[in-house]
Amino acid sequence: MAVSWRSWLANEGVKHLCLFIWLSMNVLLFWKTFLLYNQGPEYHYLHQMLGLGLCLSRASASVLNLNCSLILLPMCRTLLAYLRGSQKVPSRRTRRLLDKSRTFHITCGVTICIFSGVHVAAHLVNALNFSVNYSEDFVELNAARYRDEDPRKLLFTTVPGLTGVCMVVVLFLMITASTYAIRVSNYDIFWYTHNLFFVFYMLLTLHVSGGLLKYQTNLDTHPPGCISLNRTSSQNISLPEYFSEHFHEPFPEGFSKPAEFTQHKFVKICMEEPRFQANFPQTWLWISGPLCLYCAERLYRYIRSNKPVTIISVMSHPSDVMEIRMVKENFKARPGQYITLHCPSVSALENHPFTLTMCPTETKATFGVHLKIVGDWTERFRDLLLPPSSQDSEILPFIQSRNYPKLYIDGPFGSPFEESLNYEVSLCVAGGIGVTPFASILNTLLDDWKPYKLRRLYFIWVCRDIQSFRWFADLLCMLHNKFWQENRPDYVNIQLYLSQTDGIQKIIGEKYHALNSRLFIGRPRWKLLFDEIAKYNRGKTVGVFCCGPNSLSKTLHKLSNQNNSYGTRFEYNKESFS
């Protein structure tokens with residue numbers, strides 16, 4: 001089916017507009033800097049010595065400055081959560097743009113990697129040219145101490161060279177540890193290496209303080225390429241033949257021939273030798289604002305998370321899932337948000353994000369998370385909270401909470417699922433443990449659904465193991481019964497899909513009788529499901545929310561952009577596992 005431009009603009013329009021603006025800024029900055037160092041009269045002599053390497057190194061540096069400043073803004077998660085929840089961002093389309101903060105962070109990171117490669121390659125050429133093209137006439141312009149000096153000395157004995165090598169090493173560690181395989185299998189490595197960005201920014205501020213590249217300051221008394229007759233003062237000579245015979249070098253573009261020569265057959269002689277000065281470091285102007293903002297937020301988050309929570313209970317669920325319920329004074333959160341957990345007994349520095357499956361309300365202060373036991377951190381954390389003999393049992397006695405290790409939380413932080421209650425119709429699709437963001441929304445509806453705009457919720461949950469449905473089977477049954485008792489049976493449409501049939505009889509029973517008729521074997525037929533939703537919600541805007549594997553996300557994303565004959569628009573929102 002053809003793409004609906006109305007749906008495409010709703011889902012992709014603002015994102016692509018922002019991408020175009022960001023890309024234009026990079027291209028404009030690169031090209032403007034390239035022309036400055038290629039044609040600017042103040043860099044005439046430096047360009048003669050270094051050539052194209054000078055232009056590429058400085059142009060790539062300007063792009064690096066821009067992206068090294070922008071990459072920090074998406075990481076100000078407390079600020080983003082505040083903007084999302086405040087009335088200062090009333091537009092839902094603008095709030096949805098905040099969901100792309102992680103994608104923008106990755107885009108800036110990839111750009112930094114690419115242009116760092118260009119920058120390094122250009123400076124390797126510059127180091128060679130500094131050595132080979134050593135200038136006897138303009139000694140202060142040289143970075144090398146003598147002609148044919150080993151270029152490696154410039155790399156390892158100068159401040160820009162040494163800090164540049166260190167930054168390349170740090171960046172390489174951050175890149176390799178950011179791959180999907182390492183993030184999933186060993187999150188510790190990703191966490192520790194990513195915090196090296198503090199070292200990277202310290203090296204960056206030192207990197208620009210070397211002063212190796214210099215520009216000419218006295219253009220008025222020494223135009224680039226002017227004739228010097230070794231006299232103490234300037235004079236005009238009526239010998240145009242002298243100019244054509246002794247001065248073969250053309251004037252650089254952007255700097256015209258002296259009017260005395262072009263109009264009166266006279267040429268201006270140099271009044272003095274050129275003077276050079278190191279470029280003023282500009283990197284700190286780019287990064288100081290975002291870096292200070294980020295550091296201020298980290299300080300605020302440290303103060304906010306400095307008090308440990310009180311663990312109320314710990315439960316072990318099937319398929320290696322653990323639930324923790326806790327309380328903390330003055331803690332508030334909205335459905336769909338997430339927090340980070342920090343347990344010093346497991347790791348002194350690591351913080352791991354988990355979606356809230358239960359939010360505090362006005363009547364109860366308890367909140368909770370569900371953890372899938374994947375990786376060494378969650379395994380060690382489970383072993384601390386649940387003794388081996390109790391890992392397969394139900395809720396632990398409250399009296400044991402005094403033996404729990406100290407646990408600190410940071411947050412809450414915003415996520416796309418906060419918008420699910422702001423649509424009149426929402427479609428929530430979960431794959432496996434991806435159900436956790438929707439659990440807090442279902443709990444909120446169970447508590448009180450009337451204050452929210454939502455009037456119809458389609459909840460689709462796909463699992464391989466039927467035991468996984470037991471994580472929230474009680475919640476789904478209570479929600480179903482609540483709306484039946486309130487004569488609103490069409491408020492929540494629950495569909496559970498099981499991709500494997502082994503042990504299906506284990507969930508069939510009186511306790512979960514309400515779910516039996518909503519349990520299907522196989523995978524959803526997504527196209528038919530979207531057509532059905534569009535048919536029963538003609539002309540409305542349906543919010544589509546997905547948390548699951550990439551294959552599932554791509555399918556729903558594609559269907560959300562397709563046209564339908566009912567005038568229904570699907571707005572796609574996604575959360576990722578990693």
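Just so it is clear, glycine is given a Cβ too, placed from its N, Cα and C backbone atoms.
In Swiss-Prot, the feature N-linked glycosylation site is assigned, of Asn230, Asn236, Asn563, to Asn230; the remaining candidates carry no such note in the record.
Note on Asn129, Asn133: Swiss-Prot annotates N-linked glycosylation site at Asn133; no matching annotation appears for the rest, which is not proof of its absence. Relative to the membrane, His16 and Ile182 are recorded by Swiss-Prot on the same side. Same-chain neighbours of the topological domain 'Extracellular' (125-154): 45-46, 48-54, 57, 161, 212, 214, 274, 276, counting only residues six or more beyond its ends whose CB sits under 8 Å from a CB of the stretch. The list of residues near the transmembrane segment (425-445) in space but at least 6 beyond its ends in sequence, with Cβ under 8 angstroms from a Cβ of it, reads 321, 335-338, 354-359, 361, 369-370, 372, 415, 417, 452, 454-464, 468, 471-472, 475-476, 479, 492, 533, 537, 540-549, 552, 556, 570, 575, 577. Cβ contacts within 10 Å of Asn133 (N-linked glycosylation site), excluding its own Cβ and spanning all protein chains shown: 14. Beyond its flanks by at least six residues, the topological domain 'Cytoplasmic' (1-16) meets 93-94, 96-97, 100, 541, 557, 560-564, 569-572 of its own chain at Cβ-Cβ distances under 8 Å. Summarised as a single figure, the pLDDT of the topological domain 'Cytoplasmic' (176-188) averages 82.
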